[in-house]
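Read the structure below first, then the notes.
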Amino acid sequence: MPNLEELWAYLNDKFREELTPVGYSTWIQTAKPVKLTKDKLEIEVPASLHKAYWEKNLVTKVVEGVYEFAQLEVDPVIMTKDELQPAPATDQRPAVEEDDQNLTFKAKTHLNPKYTFDRFVIGKGNQMAHAAALAVAEAPGTTYNPLFIYGGVGLGKTHLMQAIGNLVLDNNPAANIKYVTSENFANDFINSIQTKQQEQFRQEYRNVDLLLVDDIQFFGDKEATQEEFFHTFNTLYENMKQIVLTSDRLPNEIPKLQERLVSRFNKGLSVDVTPPDLETRIAILRNKADAEDLSIPDDTLSYIAGQIESNVRDLEGALVRVQAFSTMKNEDITTSLAADALKALKLDDRSGQLTIPQILNAVAKYFQLTVQDLKGKKRVKQIVIPRQIAMYLAREMTDNSLPKIGQEIGGKDHTTVIHAHEKIMASMTTDENLKAQVIELRNILKNRG
């Protein structure tokens, strides 16, 4: 059994890397581990909103992290401080047993039962992805195979993917479903080689009815893993078994992804999810508030929705901050109170986010050029290389899509951005001067302000 403190420190490090500073401080630093047994990890959180957020967004990552750290499969149980207080057994025991049943994962699949189509808020930015996911769930293996869902972090890709798994399982409880991240797949593959159990690994992944692989972009620099996944994909596809993949970008935009995998991924349907518009953000907040029995006026929800444009996770984090602020001050939630509660969040979320114009200004100043030079079409070396560096930095240091980067740097095509990124990456391995310039610019941008 692993040491609980060491395990929690490992999980904290993972969350610190994956979440925004605001998200980390809101969700992770306010939680603490209570007890670890051979099949359960109890985690205490401050309030019901935190609990709901953990159950929806974080428990999957806990399961993965515990397995990575200790090769132990556990079901996270998220409880508020009040729920952890001792009480008469006759009153509390049945409720706790019901909570355990409702909150834990379906052990066989690692699917979060809260990720369902009913709980998914549909908007302009995700309606096509939602429709495609529902079609796949209702008739797996017959249409849109594979289904490739792509987009930025916190926009609902994992929710849709797991909703497919949950609906398939509801319709057919005997279905063999495998949900993993690309990192899980790679780790399982490596372990199978080390333990000489490759055949067992292949049986586990190739005899499923539905394979769900999250964050497929991390296959990019893993040649042997790509080889293994190629054969796994072919076996499932030929047997008309459904494959669903998610990524932060299109298949042909994933660096170092084999062309034959790009071709396989493009066989089905690729659909994107984009940041929710204002109406959708308001609907998400109303849905969340109703689920938590929070009394919040419509104008206050509209105000909160207007402050957070990035993704659903940050949006829900903002609602939690407002609710906590209301509790602390013992005041009803109003627009004025929400504005006070979100002051720090607004500063972190907007001021701290690097933009493409900031990158262009820094690169232009560094190379003694103008921003217009970088956006222009001149092909002289003194401008081309800084322009490529700007594209490289925009790709590495922001969450903007390739088309967005190209558009803001003079209306270039997204393939130009890909070429620039690859060119600078390759040049940095042989040109020490260029490498030093890129590192210096990175530091300038990180320490801006």
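Here the Cβ of each residue, glycine as well, is placed from N, Cα and C on the backbone.
Some features that Swiss-Prot has for this protein:
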REGION    1-72  region 'Domain I, interacts with DnaA modulators'
REGION    72-109  region 'Domain II'
REGION    110-326  region 'Domain III, AAA+ region'
BINDING   Gly154, Gly156, Lys157, Thr158  ATP binding site
REGION    327-449  region 'Domain IV, binds dsDNA'
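Locations of recorded Swiss-Prot features on the structure.
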residue: Gly154; record: ATP binding site; Cβ contacts under 8 Å, 6 or more apart: Ser310, Asn311, Val312, Arg313, Asp314
residue: Gly156; record: ATP binding site; Cβ contacts under 8 Å, 6 or more apart: Phe120, Asn126, Ala129, Val273, Val312
residue: Lys157; record: ATP binding site; Cβ contacts under 8 Å, 6 or more apart: Ala129, Ile149, Tyr150, Gly151, Asp214, Thr246, Val273
residue: Thr158; record: ATP binding site; Cβ contacts under 8 Å, 6 or more apart: Thr60, Tyr115, Asp214, Thr246
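Close to the recorded ATP site, the chain also has Gly151, Val153, Leu155, His159, Leu160, Thr246, Val273, Asn311, Val312: residues not among Gly154, Gly156, Lys157, Thr158 whose Cβ is within 8 Å of the site's Cβ mean position. Each residue of the region 'Domain I, interacts with DnaA modulators' (1-72) gets a DSSP state, and the totals for helix, strand and coil are 46 helix, 11 strand, 15 coil. As a summary of secondary structure, the region 'Domain IV, binds dsDNA' (327-449) carries 89 helix, 0 strand, 34 coil according to DSSP. Reduced to three states, the DSSP call for Gly154 (ATP binding site) is coil.
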